[in-house]
Amino acid sequence: MAAGPSPPSVGRRLGLLELLTGAVLVLLGFGLGSALGQKVYTNTWAVHIPGGPEAADWVAQKHGFINHGHVFGDYYHFRHRTVVKRSLSAHRPVHVRLQKDPKVTWAEQQVSKRRKKRDTFEEFEDPKYKEQWYLYNNNHNDLNARGAWELGYTGKGVVVSILDDGIEKNHPDLMENYDPEASYDVNDGDPDPQPRYTQLNDNRHGTRCAGEVAAVANNGICGVGVAYNAKIGGVRMLDGEVTDMVEAQSLSLNPQHIDVYSASWGPEDDGKTVDGPAKLAKEAFLRGITEGRGGLGSIFVWASGNGGREKDSCNCDGYTNSIYTLSISSTTQNGNVPWYSEACSSTLATTYSSGNLNEKQIVTTDLKSKCTDSHTGTSASAPLAAGIIALALEANKNLTWRDMQHLVVRTSRPANLVANDWQTNGVGRKVSHSYGYGLLDASSIASLAKTWSYVGPQRKCVISMLSEPRNIGSHLSINKTVDACVGSGSYVTKLEHVQGQITLSYNRRGNLAIRLISPAGTRSTLLHPRPHDYSSEGFNDWAFMTTHSWDENPSGSWTLEIENVAGASDYGTLTQFTLVLYGTSSPSSGASEESQSGDDSCKTLDLTVKCIECNAGYYLFQQRCVKECPAGFAVGSQPLSYAVGNAILPASVPACLPCPLPCVTCSSLSPQSCLSCPPHNYLDAASGTCLHLSPSMRESPGSFMVGPGSQRPQLEPSSRMPITIAVLSCVAIIATFGGIFLLLQLRSGAHIKLPSLEAGGGFSLGGNRVVSYRGIPTVWGDEGLNTDSDNEEFDVHNERTAFIKTQSAL
Ligand SMILES: [Ca+2]
Ligand SMILES: [Ca+2]
Ligand SMILES: [Ca+2]
Ligand SMILES: [Ca+2]
């Protein structure tokens, strides 16, 4: 009986009653009037007085008005001094007196009109929404998600898939947005990605990431996703052995249906690994960006890594270092670099995530229909970015994968993010190795997406910067002035990604710092020293990537600096430095190219105003018409995958199609017309095909990229033979070097890890792969696990163990 709220005292009740009555009267007087459609009269009049402003002033003064200004013509805005501001009835006496004045030809008391401010936004009823500080807060230290929602963007019509350990598809806050077509179980080979339940909830990661993107809004459960009307799926691929094929299968799931793939995994963040996608995963990325989303390109959002404590560099992770992935780092609630964050030049932008114990973490859906407020790490950042990208895609479905990166570069905000390495690049943008271009801004990116036009086809200019091997010693600087392939179809005047493709040997890799300085003076740290990396394997054709020179003009002097930070006793040789410039040729970002291939080149547009058929003399490329196919493509015939009602259109149209594999560039779609080949292949000039190098030849620098389409457009096929001979001689020299080097190592008794093919980065054998979550640093993936591990073994390690480690570290 004692339970229940105590009744208020009589006095308080009366007070309440008065308050209520007052409120009702106020409502009746004002709000209700307009709510019921009744007119609400203001104390202002519109008055027509010919005779100039003096006459208007005179009339105003005479009848008790203030002249609030001239509207146009002879119309004036009058406000009465004593009439109440809002009333349900017109003020007849004042009105009649005014109208009868001989100087006044017309007057009207103004009525208040219902005008809803477009930016008003209904708060969600979801109980945890108020704790989602990173989506919206009063200080505006947030991702500006609410701004995008107010513009009407909520992810409708966009499909996101989380590549992780599964997704709880029947979670009450995900169910409504769950998309089975964006889901698959690669681990068990079935369509149901439901996580495997364990006592320690090891497989909660994917479900947590999914809720960040698309938890349902206004259902009274948990919080809301950034793109709360997007469709969300999950691929179960981390709960088992991860092979090259498992990765490739996950990255290629339903690419005509899924728009955005969010991945929060990669090679171990132990600060000593150099590894990246192997054969199949590489091809999955390539096919994704060329064929996914009807040729616009799948969007791969990638967490940059959690190896901050181990001083890891995300440029040593071939997934995040790839130009095809949109790499995302984290910042804390207070705008600091989190302890787990990895710095590198390939990161494009940042979202919020966890930080120190006094800073808030991420609210999202959790396993077993629960809700959590403690999601952490860069793996919490990638899904927030995926959600924001979904909002931008909703604003403009025609964006290519590169358009999206352009939008991120332009709209991310460096303000309020603390780092000691912010620099202003050659086009005036601030950029940092910890944050890329700054914090994503959902409202800005969606707004700019709306009016963005295609940036134009990607060009690739490949320049060999080294004529002979160079001794690194304790410091090596390479400088060369380049013309960015001027006079060829690969000419780049406006940069996107830049790669420094490097092959070098060194007795202790982790002692090296590598920097690339652009003609505009922008300094990108391609590699910072990694104290745990004692490897003597060096780098084998590793393509260090930087985004920091985006939109700069690449013509001019480029400098590569290699520095040994430890001591003078280290030694090694740089054998390859190839500069790869990606970008466009037009100085303005796309508007002019858009008009070149504008309306007259396209014959048929579909319902979404995408070109599906070109006029004679033009070829269809990425839903636009071009006169020449870009590098990597050749003219072919593409089936017309379009149907409106039962309309009959031609079965196929001339289009630019990707070169047959393994050609990188080609003169036609025939398998015998390769012009250049991928690494570890060479071009057989006689047959026009790419041939695999034998394993002993693989150690050589990647100068096999030589070919008219990419590296040396001016080279004639007949000139390739001497190059092949030269390269083979180089191989012999390098092999000798390598031998001597290894011998010295063995003699010095240093702690040497024997070279393994896996760590070369370019050519993993596709066996067991060491893959780690990005939620928090993990311990699974230790060498012992590489053997015959079954699922039970994973329970013992991974997130929880690491989480405890994490907490103690704090
Ligand atoms: Ca299953
Ligand atoms: Ca909800
Ligand atoms: Ca890493
Ligand atoms: Ca990337």
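Cβ coordinates come from backbone N, Cα and C, glycine included.
Of all ranges given (102-124, 171-193, 355-377, 516-538), TrEMBL attaches the label region 'Disordered' to 171-193.
Across the domain 'P/Homo B' (455-587), DSSP classifies residues as 3 helix, 70 strand, 60 coil. Annotation note: Asp164 (active site, charge relay system) sits in a strand segment as assigned by DSSP. Annotation note: His205 (active site, charge relay system) sits in a helical segment as assigned by DSSP. In the structure as shown, the Cβ atom of Asp164 (active site, charge relay system) sits within 10 Å of 32 other Cβ atoms. For His205 (active site, charge relay system), the count of additional Cβ atoms within 10 Å of its Cβ stands at 30 [all protein chains shown].
Mapped onto DSSP classes, the region 'Disordered' (171-193) shows 6 helix, 4 strand, 13 coil. You'll find the Cα of Asp164 (active site, charge relay system) roughly 7 Å from the Cα of His205 (active site, charge relay system).
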